[in-house]
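Presented below is the structure to which this report refers.
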Amino acid sequence: MYDPARDSWEERDGDEARSCRGRLASDQPHAVFSPPEQIHGASGENNNTTDLQQHPDPSSKTTASAEVLYAESQPAQPTTQTPPSVSTRIQSPVDPAAQKASNPQSLTSTAQNQLNKSNTTMENTSGSATPKPRADPSDKPNRPVQVASPTDQNGSQGDKKRKLPAEENASEKSQPAPDRPVSKRKRMEERHQKLRKRGRTPPSAYSRRDAEETSSAADRNGPTYRSTSPLPPPRSPTPEDQPRQRKRPGGGARMGLVDRETLRRRQEERERAQVEEAMRASQSRGVADVVRQHYNAVPQRGREWRKTESKIKGLRSFNNWVKSTLIQKFSPDEEFLARFNGTKEWAEDGGVPPVEEKRLLVVDLGCGKGGDLGKWQLAPQPVDLYVGLDPAEVSIVQARERYNGMKSGRGNRGRRNPIFHAEFRPKDCFGEWLGDVDIVQQVGIDPNVGPGGSVMSSRWGGGGFDVVASMFTIHYAFESEEKARQMLRNVAGCLKKGGRFLGVCPNSDVISARVSEINAKKKARQAQAKKEKSDEAPEDGEVEEDDGKVEWGNQIYRVRFPITPPEDGVFRPPFGWKYSYFMEEAVEEVPEYVVPWEAFRALTEDYNLELQYRKPFLDIWRDEKDDPELGPLSERMGVRDRVTGKLLMTEEEKEAASFYHAFCFYKV
């Protein structure tokens, strides 16, 4: 029952205003479909008839229109994928007393009941062939439910309760049509809630990602979108590489003959390249490894054994005396020699100014076991630093032990000067740059020497050493031009301007003379043999024997060329002429190389080295044996007899000694 004071409906027991929806659902679950046109028409006719009977005035039209509006405002049933079902709309009998009532409230109540009865829910049944009616939003717009009253025709109450179109759509979308009218208070609360500004939803865990995707998509579609940097172009495949094929079971069995041949050829090429690389590596190393292994294997013998039991003790003593002579004559600088010899002229009214004695800085390329340490200790000008370099590690260890023995006083033979400071390093002096040695860097080395260097460096630059010595070693550098130039670059880089380069090596003039003599004798023998056999026909298959080897020597030394040297003895090109040298108790068939002297001297000019001295060993003895310093030194070293003055060497040792010569270059 509708209560005007509360503007709401109240239910009572037995009241027919109870919802017809519940009664239809409980009493008649299965209904027969009735078209909506008939339903609206029937309800419209009954309502119009009742209104005409009770109110023949125009106000009756308002009630009928309200009923039609309420029926149209009901939402359409949603469609599904199942076939449309048949539903029946059943009207409950209308109470005549309610229609004849003159009270407007009862009239309104009766109209509301009729509208509720007409909007009974339609239940789905299977097997229906009639389509379910759908509401057309274009033809029937959604409108709020308004119950007509007698005063609506003047526009007083209906206008006040009517909602805005936006509110009507929002209200119908938010909740379904109620079974009964909503109270005014509830409608006001719903209106305020809808008009209230909706708060921002709290961000979720994926809000930032979704926002970035949305913004990035919008930016890409915009006109000002700027693309990222382009990726680098893909690398083109190697022409030799074939596209990778898929691996399938049994694919190897389907390999063709062409693929097998290609694989075999590639394998052979790889093996050939490995062999060539190994050969190049061995050739680049040359005889350095062989020489190092040989000198590492030579046992260390004492001084007493060399003087008493050695078979070549005379040759050993003579070689040491020649090296001492070279050190005594050319290790001091010009100022020291002028002061020592008294050849420098001073002012008449003044004496010799007191000058602090300058000490030498010496680097020895191929120091060996340190056999020359005592010779440098007896040098006329004292030595401040001695640096010994040698590729044989064992020899470096033995040289360091010998130096430590000299420092401790063992083997002191009345030396005049205090022992100098010495440093020993294992280093290939001819195949590598000496600038990598720490002590050489500290003293100083010039990397700009030689061809291609700066003019200012060659004029004013230079290293920090006074003397560079190389005793019986430079013939290992003539394996190739690169090694020879590297050796001279190390020498010139270490020397300061005015420095001396001392050394001894095999005499190429002796080698050339020997080769020419041997070739001449061989030609004479061949001519004699050809003359003797000219009358006799050679037997079938007989070949004249000619090994082509050139060698000479005696019981204590031997020189052998593995290949035929030039007949005239002139070695062209000047590098790579290898021979094997044997020396009793010293050298066991070690490969060495010819040092063509004129080619070597021309090469030194490229490194600002000027030749000052060069003599064979026997000529040095002839010129220096009567020197007041070197003559007595030869007697003390056992080279000459103290009584007779005879050279204490055999003829074989003299022949072996004649194979070498000494030299000295100045750095200009």
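Heads up, the Cβ atoms here are built off N, Cα and C, so glycines get one too.
The structure displayed is predicted, hence computed values, not measured ones.
Features of the protein shown, as given by Swiss-Prot:
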type	residues	note
BINDING	Asn319, Asn320	mRNA binding site
BINDING	Lys323, Gly366, Asp390, Asp428, Met471, Phe472, Thr473, Tyr476	S-adenosyl-L-methionine binding site
COMPBIAS	1-19	compositional bias 'Basic and acidic residues'
COMPBIAS	44-65	compositional bias 'Polar residues'
COMPBIAS	73-88	compositional bias 'Low complexity'
COMPBIAS	100-129	compositional bias 'Polar residues'
COMPBIAS	133-142	compositional bias 'Basic and acidic residues'
COMPBIAS	148-157	compositional bias 'Polar residues'
COMPBIAS	257-279	compositional bias 'Basic and acidic residues'
COMPBIAS	537-547	compositional bias 'Acidic residues'
SITE	Lys369	site 'mRNA cap binding'
SITE	Lys375	site 'mRNA cap binding'
SITE	Arg402	site 'mRNA cap binding'
SITE	His475	site 'mRNA cap binding'
SITE	Glu592	site 'mRNA cap binding'
SITE	Tyr660	site 'mRNA cap binding'
Taking Cα atoms as reference points, rank the recorded sites Lys369, Lys375, His475, Glu592, Tyr660 by distance from Lys323 (S-adenosyl-L-methionine binding site) and give the first.
Lys375
Rounded Cα-Cα span from Lys375 (site 'mRNA cap binding') to His475 (site 'mRNA cap binding'), Å:
22
Any idea of the Cα spread of the S-adenosyl-L-methionine site, Lys323, Gly366, Asp390, Asp428, Met471, Phe472, Thr473, Tyr476, as a max distance in Å?
22
For the binding-site residues Asn319, Asn320, Thr473, work out the Cβ neighbour count at 10 Å and name the residue with the minimum.
Asn320
Listed recorded positions among Asn320, Arg402, Phe472, Thr473, Tyr476 whose Cα sits within 10 Å of Tyr660 (site 'mRNA cap binding'):
Phe472
Candidates Asp390, Asp428, Glu592: member of the recorded positions with the richest Cβ shell (10 Å)
Asp390
Sort the recorded positions Asn320, Lys369, Lys375 by C-alpha distance from Tyr476 (S-adenosyl-L-methionine binding site) and give me just the closest.
Lys369
Might you list, by sequence position, any residue in that chain lying six or more from Gly366 (S-adenosyl-L-methionine binding site) with a Cβ less than 8 Å away from its Cβ?
Leu389, Asp390, Pro391, Cys429, Ser470, Met471, Phe472, Thr473
Proximal residue to Glu592 (site 'mRNA cap binding') among recorded positions Asn319, Asn320, Lys369, Arg402, Asp428 (C-alpha distance)
Asp428
Hey, what's the Cβ neighbour count for Phe472 (S-adenosyl-L-methionine binding site) at 10 Å?
18
From the recorded positions Asn319, Asn320, Lys369, Lys375, Arg402, pick the residue whose C-alpha lies nearest to the C-alpha of Asp428 (S-adenosyl-L-methionine binding site).
Lys369
